[in-house]
Amino acid sequence: MSESGSKSSQPLASKQEKDGTEKRGRGRPRKQPPVSPGTALVGSQKEPSEVPTPKRPRGRPKGSKNKGAAKTRKVTTAPGRKPRGRPKKLEKEEEEGISQESSEEEQ
């Protein structure tokens, strides 16, 4: 029974290839550009009436992930206000943290 099913699909596929218009593509079909009667006559020759503007990229640029900060901004907090966000580590604190880790490993 499965053999008859596969045989019947063969002729259908060949008919679709002959027509050329009936293709079963995946996803959304491409939008066909509107054909105006004036351009249909010229057809083979395109005249660039004006230079098309390139599309602007959206979102984050590709190479920006690994770059460091271009400007380092000094954070100055007003007296009496708490700084927002995670507190920044100072070099002294980093060294203390490293020495604490090594002392824990020794124990």
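Placed from the backbone N, Cα and C atoms, the Cβ positions cover glycine too.
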Do you know which of SER14, SER103 is annotated phosphoserine by Swiss-Prot?
SER103
From LYS15, LYS31, LYS67, pick the one Swiss-Prot annotates as N6-acetyllysine?
LYS15
Labelled N6-acetyllysine in Swiss-Prot - which residue from LYS7, LYS18, LYS55, LYS62 would that be?
LYS7
Integer mean pLDDT for the DNA-binding region (53-63)
77
If you count Cβ atoms within 10 Å of each one, which of the modified residues ARG26, ARG58, ARG60 comes out on top?
ARG60
